[in-house]
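Novice: Copied straight from Swiss-Prot:
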REGION    1-50  region 'Disordered'
COMPBIAS  23-37  compositional bias 'Polar residues'
BINDING   ASP576, ASP580  Mg(2+) 1 binding site
BINDING   ASP576, ASP580  Mg(2+) 2 binding site
MOTIF     576-580  motif 'DDXXD motif'
BINDING   ASN720, GLU728  Mg(2+) 3 binding site
Amino acid sequence: MMLLGSPSSGGYGGKFAGASPAGGTTTMAPSAKQPSSRAPPPGITGGRNDLRILSPAAAAAAVGGLEMKKPEAEGIAESLQATHRKELEASIRKQLQGVELSPSPYDTAWVAMVPLRGSSHNPSFPQCVDWILENQWDDGSWSIDGSISTANKDVLSSTLACVLALNKWNVGREHIRRGLSFIGRNFSIAMDDQAVAPIGFGITFPAMLTLANGSGLEVPVRQNDIDSLNHLREMKIQREAGNHSRGRKAYMAYLAEGFGNLLEWDEIMMFQRKNGSLFNCPSSTAGALANYHDDKALQYLQSLVNKFDGVVPTLYPLNIYCQLSMVDALENMGISQYFASEIKSILDMTYSSWLGKDEEIMLDVTTCAMAFRLLRMNGYDVSSDELSHVAGASGFRDSLQGYLNDRKSVLEVYKTSKHSISENDLILDSIGSWSGSLLKEMLCSNGKGTPGREEIEFALKYPFYSTLERLVHRKNIVLFDAKGSQMLKTECMPVHDSQDFLALAVDDFCISQSNYQNELNYLESWVKDNRLDQLHFARQKITYCYLSGAATTFRPEMGYARTSWARTAWLTAVIDDLFDVGGLEQEQENLLALMEKWEEPGEDEYYSEDVKIVFQALYNTVNEIGAKASALQGHDVTKYLVDVWLHVVRCMKVEAEWQRSQHLPTFEEYMESGMVSLGQGCTVMSALFLIGEKLPEGIVELEEYDELFRLMGTCGRLLNDIRGIEREESDGKMTNGVSLLVHASGGSMSVDEAKTEVMKRIDASRRKLLSLVVSEQEGPIPRPCKQLFWKMCKILHLFYYQTDGFSSPKEMVSAVDAVINEPLQLRLL
């Protein structure tokens, strides 16, 4: 895995590999010796802002905010598919098999300062001292990436730490002089309150300045500036002096090298992990070891120095988090299907670590939440009990991430909280409550340009169960951080070659859009060819119907499934309009009679031209889909399609009769019909047999199928009712789930209270549906088929969660444009 590194005497190309805890390999990023100034060292083809999409058109479209026009997209797709797509996939596949970490000059310097036990004048790790001597940039600094054109607080901190390490062992006087000169030239950055700072910079940097002065080093800066930083440090310490929370103690232990003799070392070592480290952080462990001898801590550092040949990363081990982050990125960008076997291997290893309560997962809030979410959604049996330590806000605040109010950790646990599969999952519900509130507070307290703000806003507005996959993919591609580094105590560079991920995702999305546009053109022709556009009563929503299929069944080979989904969804809407608002009773009865016969009628059998148009379109479309599906399945499935249509239309007729007679059914009677009449069962079944899975004969008679349908139908019916009640009541329609609950209460329940009750039922059904879909137990219905029910549920949540998106002419326009029409516009990386 190629990540930018610092220069090293060994030259580029050498890797220091070893077995990682969760499988695969972990290696240190390669580096080169003594580059000139801050130009990229030999062997690096460009800085971190380069985009490695080799097609010129693709590169132009992916950087600089240029629009990717349709002809360009087609050319890019052809070029990438022909010459580079396989290379991109091979590169990503290799990255998934092993993790490469960035060298950390800051952490290496602190490890270098650990004295040899019994000989305080000698280093325990002379290899680290050698690495520092061999890896100074020509401007005098030490940093991960010498191609950075400007200094920052992280580079200042790393440079001062390296200077202290060399001075401690009285070597490298010229290196020290140049390092101090770099610090002096750029010291104004340390005084800038607005500059991005590593975690604990206000504690560790002044402490290092004091250590430098105490060891006889003359830092070429004004004493007033040093005094000012020390004063701010003392204020920070005094402000928290009365805070004895576990989170505060964790923070002090994490900054062990900066707090030094202010710490109670016996208390600090309570945070030591089984591998001997403090927080898997070499600098924290070295800071403790310099003041408190511990054999396990020494062994931890020794293992890292040996493993990485004299240099250490800023965190280790980090394998599980790195690999899960890559899996998450692939899923979020819509390209995970190309790496199914690699992802399964990663998740299998993660699950084994989960069951073994591996500290790399359990002691890191972000990793634990991400592991839970990815494992659950991929069918592994995981319990939210393992998240009980952050069930309340106080538990989160007791962690290091909680004390730091870490945005990424809060967002991760919030997203995870929405993956509940039981209405009694109090842990996830509690996590969702406090983390959602905290995210809203972050939005209020931070400006509009705050990093990650758009991601937080999206997560709060659209829980994962009310999103369409292709919409999410586009958002993540557009917002993708190709640099991807994370600022800890020092900068931690990305764990994978982000450009490869972005290049493949852009290519895949552009190909998809081209397919979608062609398929939508076909559907619009289908509407006209079948004269469906002549139906005055019907909502002309073929684009929205296609959106729901395209945004979920998005793989290129699923084109026929998408168009079948869209045509079926549109026909259910048309027939619903015929029974609900646009048709005479005789027309409704005539259509049902024709469907029950299911044969080509004579001209005199149609009550009206509208019935003729509707039935002919339905008859021809269902038979066509049925023939295609039957050929794929090896047995007749047309009968299932006809039967489900009959069930839907009969329920529509029952509800039409209720409306004409002003009959108010019980809520239970209404739901028995209503969860069918919405028509999702027809839509799902139209694609069920077309996605490449072999299904048993009699599938619709299975108990599991019936339960999947019931739960999906319940969500759909009630979501539709809760958003349509005002409109339907104004039209004089009383057969609505909310209205029926109010009526059944005898006036004791208000409309708002009835809506709350309906939302509870939706929530319970959705959770139960998800539990069936992600169940580890393999039943007769393959998981990809069960996922169609879940995807339909998500579509219904998006369409109806906040408004009646299907009936509103404007609500879905932006979604249609984003998935189908608008070219990608990527930010300058």
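Glycine is no exception: its Cβ is also placed from the backbone N, Cα and C atoms.
Help me understand the surroundings of these features in the structure.
Specialist: Under DSSP, ASP576 (Mg(2+) 1 binding site) is assigned to a helix (H, G or I) in the three-state scheme.
Counting only residues at least six positions away in the same chain, the Cβ atoms of ASN736, SER739 sit under 8 Å from the Cβ of GLU728 (Mg(2+) 3 binding site). Classification of GLU728 (Mg(2+) 3 binding site) by DSSP places it within a helix.
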Novice: Let me spell it out: take the motif 'DDXXD motif' (576-580), skip the flanking residues so only those 6+ beyond its ends count, and list any with a Cβ under 8 Å from a Cβ in it.
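Specialist: That would be 535, 537-539, 587-588, 591, 610, 614, 649, 652-653, 655-656, 677-679.
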Novice: If one measures from the C-alpha of ASP580 (Mg(2+) 1 binding site) to the C-alpha of ASN720 (Mg(2+) 3 binding site), what distance in angstrom results, rounded to a whole number?
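Specialist: About 14 Å separate the Cα atoms of these two residues.
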Novice: Roughly how many angstrom lie between the C-alpha atoms of ASN720 (Mg(2+) 3 binding site) and ASP576 (Mg(2+) 1 binding site)?
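Specialist: For ASN720 (Mg(2+) 3 binding site) versus ASP576 (Mg(2+) 1 binding site), the Cα atoms are 13 Å apart.
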Novice: Just counting, how many other CB atoms are there within 10 A of the CB of ASN720 (Mg(2+) 3 binding site)?
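Specialist: ASN720 (Mg(2+) 3 binding site): 22 neighbouring Cβ atoms within 10 Å.
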